[in-house]
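Report on one structure; see the data block that follows.
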Amino acid sequence: MKTLLLTLVVVTIVCLDLGYTMTCYNQQSSEAKTTTTCSGGVSSCYKETWYDGRGTRIERGCGCPRAKKGIERICCGTDKCNN
């Protein structure tokens, strides 16, 4: 009986994927690729693109912040989807 209960607990944890954390790219513009592990139950990544006097600027990170005027924002929901 204990073995069956333990098996059910393990299967539940595996199926629910408890403790899953999202991984997103967080490099800016043309920097080398780096990633970050998102905290606080964040389940999305973002990529923002805009233009200034220096050319195209890109920012990446966790979450899905509100885009300001003139900024193109893409949000996605899988690991490293904001490349």
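Placement of Cβ uses the backbone N, Cα and C atoms for every residue, glycine included.
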With reference to Swiss-Prot, specify which of the listed residues Cys75, Cys76 is paired with Cys64 by a disulfide.
Cys75
Just confirming the record: what cysteine out of Cys15, Cys38 does Swiss-Prot connect to Cys62 via a disulfide?
Cys38
Choose one of Cys15, Cys45: the cysteine that Swiss-Prot connects to Cys24 by a disulfide bond.
Cys45
Tell me which of Cys15, Cys81 Swiss-Prot records as disulfide-bonded to Cys76.
Cys81
Could you tally the C-beta atoms, other than its own, that fall within 10 angstroms of the C-beta of Cys75 (disulfide bond)?
15
Of Cys24, Cys38, Cys45, Cys76, Cys81, which disulfide-bonded residues are close to Cys64 (disulfide bond), meaning a Cα within 10 Å of its Cα?
Cys45, Cys76
Taking just the CA atoms, what is the gap between Cys62 (disulfide bond) and Cys76 (disulfide bond) in Å?
10
